[in-house]
Amino acid sequence: MAGNFDSEERSSWYWGRLSRQEAVALLQGQRHGVFLVRDSSTSPGDYVLSVSENSRVSHYIINSSGPRPPVPPSPAQPPPGVSPSRLRIGDQEFDSLPALLEFYKIHYLDTTTLIEPVSRSRQGSGVILRQEEAEYVRALFDFNGNDEEDLPFKKGDILRIRDKPEEQWWNAEDSEGKRGMIPVPYVEKYRPASASVSALIGGNQEGSHPQPLGGPEPGPYAQPSVNTPLPNLQNGPIYARVIQKRVPNAYDKTALALEVGELVKVTKINVSGQWEGECNGKRGHFPFTHVRLLDQQNPDEDFS
């Protein structure tokens, strides 16, 4: 389906200073190809293309080289000796944001093309948990964070969930009041023995009962076993089963295509969530959320 929008009408797709969480709140649940462009909060002068695709919200960094073009652009030409800005996304370069959007009207990003900008009537929406529904999780692994908006934590930390803008990334608060995004597969549900929130955060956690984040919740989530550490590649091969199809960007030759049910040999586990592995004789990187690690003690049980 070809995109149905005017790329020159910047007011329809450019949102300026907008956080990742706010972008997700606007795009979550929208049909594939709905998008917006915002300023990067971690790299001043750059942009981010946020897109609803494959039942999630993806964020693509757009790097700007040279003087950043104003939005909307000024009709004036750049002064002599000053090179116009170039915009880069992946391996592609463009002279302007409209040109970039026109390109992705007919070319896939990951699993979708750009169809239309998100409606501004969606602004301010989101799924925020009420205080009386406060939910807590406990960290299964250390997480150092990869983005300014991430919340670093250590194994065993107790975090309060503030909202769930994405399936695999939730917004949480730690015992010091710091807030940020956390990867869902790195935590487990935590049910406090005491109803006191103040006693829970930073208090004694004995007597609590952890629950895996999978269980009765719908959808194919990639969840590590409770209290089982990430496997050590030095102990031998690690295998995973694909639980979510992935059709990578045709221009990314290092990305690994995945079909549900396929077996992947994991060769490298990166904290960023982009793992590396082999599948059907090909090597490449893939999101850890698309696979489920097999029981390394009894892998043959899952090899069918």
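Placement of Cβ uses the backbone N, Cα and C atoms for every residue, glycine included.
The annotation compositional bias 'Pro residues' is assigned in Swiss-Prot to 67-82.
Annotated domain 'SH2' per Swiss-Prot: 13-118, in sequence order. Secondary structure of the domain 'SH2' (13-118) per DSSP, as helix, strand and coil residue counts: 18 helix, 36 strand, 52 coil.
Taken from Swiss-Prot, the feature domain 'SH3 1' covers 132-192, and the record attributes it to sequence analysis.
The feature domain 'SH3 2' is assigned by Swiss-Prot to 235-296, with sequence analysis given as support.
Residues or ranges marked as N-acetylalanine by Swiss-Prot on the basis of a large-scale study or a structure entry: ALA2.
Note on SER40 (phosphoserine): other Cβ atoms within 10 Å of its Cβ, all shown chains, come to 18. Taken from Swiss-Prot, the feature phosphoserine covers SER40 (among others), and the record attributes it to a large-scale study or a structure entry.
Marked as phosphoserine by Swiss-Prot: SER41 (among others). Sequence-distant neighbours of SER41 (phosphoserine) (same chain, six or more apart, CB under 8 Å from its CB) are ARG17, SER19, ARG20, GLU148, GLU149, listed in sequence order.
As annotated by Swiss-Prot, phosphoserine applies to SER74 (among others), with the evidence given as a large-scale study or a structure entry.
Annotated phosphoserine per Swiss-Prot: SER83 (among others), in sequence order, evidence recorded as a large-scale study or a structure entry.
Here Swiss-Prot flags TYR108 (among others) as phosphotyrosine. Just so you know, the Cβ of TYR108 (phosphotyrosine) picks up 15 other Cβ atoms within 10 Å once every protein chain is counted.
Under the heading phosphoserine, Swiss-Prot lists SER125 (among others), citing a large-scale study or a structure entry as support.
For TYR221 (among others), the entry in Swiss-Prot reads phosphotyrosine, with the evidence type experimental evidence.
In the three-state DSSP scheme, TYR239 (phosphotyrosine) falls into the strand class. According to Swiss-Prot, the phosphotyrosine annotation covers TYR239 (among others).
According to Swiss-Prot, the region 'Disordered' annotation covers 61-85 (among others).
For 201-229 (among others), the entry in Swiss-Prot reads region 'Disordered'.
Other Cβ atoms within 10 Å of the Cβ of PRO237 (site 'Proline switch') number 12 in total over all chains. Marked as site 'Proline switch' by Swiss-Prot on the basis of similarity to another entry: PRO237.
If you take the Cα of TYR108 (phosphotyrosine) and the Cα of PRO237 (site 'Proline switch'), they are about 33 angstrom apart, rounded to a whole number. If you average pLDDT over the domain 'SH2' (13-118) in this model, you get 79. Helix, strand and coil content of the domain 'SH3 1' (132-192), in residues and according to DSSP, is 5 helix, 29 strand, 27 coil.
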